[in-house]
Amino acid sequence: MPAPSAISFRFFVAFGLLCMLAGSGFLLLIFGPTSYAQVQELGRHTYHEGGYRYLPLAVTPSSYQLLRYGLVAVALGSFGGLVALSSNHTTAFRREAQLFRQECYQAWVTLGSVWQQLPRLEKLIACGLLALILAVRVWYLINYVLGTDEVASYDYFVRPGLLTISCFYPIPNNHLLFNFTCWPLTFFTDNTRLVMRLPTFAASMAGTTFGYLLLLRWSNFRVATLATGLFSLLPLSLYYAVAGRGYFLQLTLLLLAFFAALAVLRSRTYQRLGWAVFIATSILGFYAIPTFLYPFVSLALGLLLGLGWQRRWAELRQLALASCIVGVVTALLYWPVICVSGLQQLIGNRYVATMSDTAFWPQYLKYLRILADMLAGNGRVGMVAGGGLLVLGPVCIWLLPRPRQLLAMLAWLLLLLPLPLMAFQQVQVPARALLYTSFLGCVLGSLVATFFLDRLRLPARWQLALGLLVVAAYGGYQFRRQLAPHQDEVREHNQMQAAYAWLTQQSNPRVLLAAPDYELYFRHYTQQEHRPMLLHTTPAPGQVYNFTVQRQGADSLPAWALPPFYFPVYRNNFVVIYARARN
């Protein structure tokens, strides 16, 4: 195999053009046959955010025409560029393609040999661990109630189809890549649980398996088993391994990008494959959820520092090219969102809104404690273990054997960098967007723990037994801790369904809703059942409502909802349904 410096500029140009062609071609399949009138219909789609709303679209006839013609121009230009490259540099083009195929084959063989070389006992332990993870995730898949975000994603994006997913962005729930993967299932079933959760479940099992194998390749069996077991049994990991939101899909893409960056830094055998995987998975990661910015910046900085430390100055240009390709193709994929919904809808995410100095800094430490609790499943463990790894990480990494140092350093960098980035932006990023830090914390902690156990001369079999005991104990503790909240959610959901069933038994119910979750789920139920029930969240002029749903224990009711105009007819632990008095 040639040295990394032998990768030509043409390789990056060709791969970038291929990504541009794939992105523009995909979007043309959607927008090529779509008229402006069809796009305008999106402005009449109802979504829920503090009530039922409609999005004022930013699209105009001229901007939509520019989008369509622009996509055609990008597709033709990319295709023409690839043809020109292959025609003018036929020998070099074929050589790069051949070397890339060889690297792919070699990587596949190497990954397979990692598994084949494991002793029989270790194979049995690995299969047992993955079977346990599979069983727990299946239980979560079946038993955990559908969350509000899953229902919203299904109703407002997945169910309407490709056009809506690709450009309708009223709320940040439209995680485009994930919703695209869910959409084909709507042809086979209207079961929301299956449509929204099967793609996540498949991505999580694939990501866990590949992540385990890659950890075996870059560390050892004890590290891979301990890190995978601990992370996979954390509450946040378990929930997003089945919840239809796309965070585990993004994590899987990040793992591939992480190990691709590691290959670029450490192995001269997989340079083309490493850069290609880094570029492709980064593009898809951004298209999955825009918060991929945090791990991408960390990985790019890790590559910059690593290449600079190794004095591979020429390859810094390759990093710049790769970053440019990721940025340009990501912008291309989000162009329809900007055109139709508006740039502000894309970047104005209220979950990561900038806070003032007086609001952000007094809450920062409290936010970090909450974050540690969610990411580690326990606030004290998260603060102590996470803080210890962040502060003592460089010293521990320096003590590690040289083959493990680069893996540990890159993991530490991705664990650390979100903190100064959030402080600089003055935002409180939700824990789900930082799920990857849980995995990398488990990897770094496992590397450090096994190193110190080796220094204590504890036999490997006892280390493995101790690691499995820790995984089983912490997993059991977390499962027991989550059982009571889960049962509360089930009871709440059952009461909501019972309230809806009671309303459907009434004659021609016209309902005014003033309970946020009920507003979302009741509309979802009526759509699933194709039931013509009038549901409003704000009173319409001249409309008479024979029922209103109000939150239990609301501070005050509207004057018109009080006796003698309305009186309570149904209640549960969360809402009261009032019926209109008959004249």
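Backbone N, Cα and C define each Cβ position, glycine as well.
Annotation source TrEMBL lists transmembrane segment at 12-32 (among others).
Marked as transmembrane segment by TrEMBL: 66-85 (among others). With a threshold of 8 Å between CB atoms, the same-chain residues lying at least 6 positions outside the transmembrane segment (66-85) that come near it are 10, 13-14, 17-18, 20-21, 23-25, 27-28, 31-32, 93, 332, 335-336, 339.
Among the features that TrEMBL reports, transmembrane segment is placed at 124-142 (among others). A Cβ distance under 8 Å defines the sequence-distant neighbours of the transmembrane segment (124-142), meaning residues of its chain 6+ beyond its ends; these are 118, 193, 197, 201, 204-205, 208-209, 212, 221, 225, 228-229, 232-233, 238-239, 241-242, 464, 468, 471, 475, 479.
What TrEMBL lists as transmembrane segment is 194-216 (among others).
The transmembrane segment annotation in TrEMBL covers 223-241 (among others).
Taken from TrEMBL, the feature transmembrane segment covers 247-265 (among others). Nonlocal intrachain contacts for the transmembrane segment (247-265), taken as residues 6+ away from its ends with a CB within less than 8 angstroms of a stretch CB, comprise 4, 177-178, 181, 199-200, 203-204, 206-207, 210-211, 214, 218, 240-241, 271, 273-278, 281-282, 284-285, 288-289, 291-292, 295-296, 299, 302-303, 306-307, 310, 315, 406-407, 410, 414, 432-433, 435-436, 439-440.
Marked as transmembrane segment by TrEMBL: 277-307 (among others).
If you look up TrEMBL, you'll see 319-340 (among others) marked as transmembrane segment. Listed as Cβ neighbours of the transmembrane segment (319-340) (distance under 8 Å, sequence separation of 6 or more from its ends, same chain) are residues 9, 12, 15-16, 19-20, 23-24, 27, 30-31, 39, 42, 57-59, 63-64, 66-67, 70-71, 74, 166-169, 176, 275, 278-279, 282-283, 286-287, 296, 300, 303-304, 307, 346.
Annotation comment: TrEMBL describes 381-400 (among others) as transmembrane segment.
With a threshold of 8 Å between CB atoms, the same-chain residues lying at least 6 positions outside the transmembrane segment (406-424) that come near it are 218-219, 258, 261-262, 265-266, 294-295, 297-299, 301-302, 305-306, 364, 368, 386, 389-390, 393-394, 396-397, 400, 434, 436-437, 440-441, 443-444, 447-448. Under the heading transmembrane segment, TrEMBL lists 406-424 (among others).
Counting same-chain residues at least six beyond the ends of the transmembrane segment (433-453), those with a Cβ under 8 angstroms from any Cβ of the stretch are 211, 215, 219-220, 222-223, 226-228, 230-231, 234, 236-237, 240, 247-248, 250-251, 254-255, 258, 289, 291, 294-295, 352, 371, 375-376, 385-386, 389, 393, 396, 399-401, 404, 407-408, 411-412, 414-415, 418, 463, 466-467. Annotated transmembrane segment per TrEMBL: 433-453 (among others), in sequence order.
Taken from TrEMBL, the feature transmembrane segment applies to 459-477 (among others). Through the fold, the transmembrane segment (459-477) approaches residues 125, 129, 136, 221-222, 225-226, 229-230, 233, 377, 446, 449-450, 453 of its own chain, all at least 6 residues removed from its boundaries and within a Cβ separation under 8 Å.
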Ranked first among 12-32, 223-241, 381-400 for CB pairs under 8 angstroms with the transmembrane segment (277-307): 12-32
